[in-house]
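Annotated in Swiss-Prot:
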- Gln28, Thr31, Gly59, Cys62, Val64, Asp81, Asp108, Val109: S-adenosyl-L-methionine binding site (BINDING)
Amino acid sequence: MKKVRLKELESRLQQVDGFEKPKLLLEQYPTRPHIAACMLYTIHNTYDDIENKVVADLGCGCGVLSIGTAMLGAGLCVGFDIDEDALEIFNRNAEEFELTNIDMVQCDVCLLSNRMSKSFDTVIMNPPFGTKNNKGTDMAFLKTALEMARTAVYSLHKSSTREHVQKKAAEWKIKIDIIAELRYDLPASYKFHKKKSVDIEVDLIRFSF
């Protein structure tokens, strides 16, 4: 198995460029390097669901999770996002790191599932939390991810929605494991944010069949 230290992975992910002008409507918050590194390190070392696997990253934004996945030896990682500007930055990032096991597709993630059913070993994502104007987006992303994955889906969800997520998983007859509880340091990206940054508690959840 490809050996990468957590600190080393985090410091490499710190070099990934983020959103230049985040779009509120798309709930664009960057996945911080610390969170991305913890998430990918756990998936790689505990479950071996990255190396030589075909991985999808839904709502990939500027590509921090995809790039980390490619660094950890994925056979191929494909990032999906609706936002052309974010994918342009993603493309620059991939070129900067000279990664060849990575690709990106511009599309509406919620319309993907029929075309991509069971096409990926693993799906990873930090979906929109479904607050503000996008209620239920997190669950729509999750439903799509579960249709695309053959083995497992790894996703970040606000800890405050844990019961709701567990209920949905039971309804869909999906196995659910909360594999880490993390503090998501949300930077003040938008004008209406009063504080410099806010800590949100999030669960890293593994969904499997």
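In case you wondered, yes, glycine gets a Cβ from its N, Cα and C as well.
All protein chains shown were included, and the count of other CB atoms within 10 Å of the CB of Gly59 (S-adenosyl-L-methionine binding site) stands at 26. Of the listed binding-site residues, namely Cys62, Val64, Val109, the sparsest CB environment within 10 A is found at Val109. Residue with the densest Cβ environment among the binding-site residues Asp81, Asp108: Asp81, by other Cβ atoms within 10 Å.
Applying an 8 A CB threshold to same-chain residues 6+ apart, the list for Thr31 (S-adenosyl-L-methionine binding site) reads Met39, Gly61, Val64, Leu65, Asn126, Leu156.
DSSP gives Asp108 (S-adenosyl-L-methionine binding site) a coil state; it is part of no helix or strand. Val64 (S-adenosyl-L-methionine binding site) carries a helical DSSP state (H, G or I).
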